[in-house]
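*Asks:* Just passing along the structure, written as structure tokens.
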Amino acid sequence: MVVVSPKMANATPNGSVPHNHVGAVLLTIPTIKIDGKQTLATEDHTSIDYLQRAQWLRAAILGANDGLVSVASLMMGVGAVKRDAKAMLLAGFAGLVAGACGMAIGEFVAVYTQYEVEVGQMKRDMNMSVGGERDLEMEMERRTLPNPLQATLASALCFSIGALVPLLSAAFIENYRTRIIVVVAMSCLALVVFGWVGAKLGKTPK
């Protein structure tokens, strides 16, 4: 909170203070113009750790693209053998369940291994001297370590979302040729959307 001396009320229009008001303090508050009006300039103190976000964002984008491409390819492969919408949908749903489970397990093992390697390296660097446990906890809080559970949930959920695109695209189309065209078109469009979402969430430079 800023307290302004009452003597400042006698300041001249150009912002200077008369000599007889020696004790007055002139504070300059930066302003910015918005639509021709002067407004106070404020700083955005909201800080987001994008390195931490990148841990689950990588798993999410990978899972979404994998679910989209793998399930769409599986459905088109089954459709080439049997041009039946029901067979394609059953194959796609089976691919969704199996793929989501596989991505979740694989992501958890991979990220947890990375977590253990980084923690082990931190212990070796600190030599675990006297007070090393406390220093290790402080260092772990300071550094951005991977979160296995977060990456697992992001990967499985986004794989399912990606797999739903070809499934929903083919669910209501009877003609085989039209069904394949719609699945391919929607899959290509979804790839662009997933890439755009990843760029926006990651705040990548334009």
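Counting begins at 1 with the first residue displayed.
Keep in mind that glycine also has a Cβ here, set from the backbone N, Cα and C atoms.
Here's the feature list from Swiss-Prot:
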| type | residues | note |
| --- | --- | --- |
| TRANSMEM | 61-81 | transmembrane segment |
| TRANSMEM | 89-109 | transmembrane segment |
| TRANSMEM | 153-173 | transmembrane segment |
| TRANSMEM | 180-200 | transmembrane segment |
*Asks:* State the residues, same chain only, that lie 6 or more residues beyond the ends of the transmembrane segment (180-200) and have a CB under 8 A from a CB inside it; answer 'none' if no residue qualifies.
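*Replies:* That would be 57, 60-61, 64-65, 68-69, 72, 75-76, 79, 162, 165-166, 169-170, 173.
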*Asks:* Counting only residues 6+ away from its ends, which parts of the chain sit with a Cβ under 8 Å from the transmembrane segment (153-173)?
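*Replies:* Beyond its ends, the transmembrane segment (153-173) has Cβ neighbours at 56-57, 59-72, 75, 85, 88-89, 92-93, 95-96, 99-101, 103-104, 107, 179, 182-183, 186-187, 190, 194.
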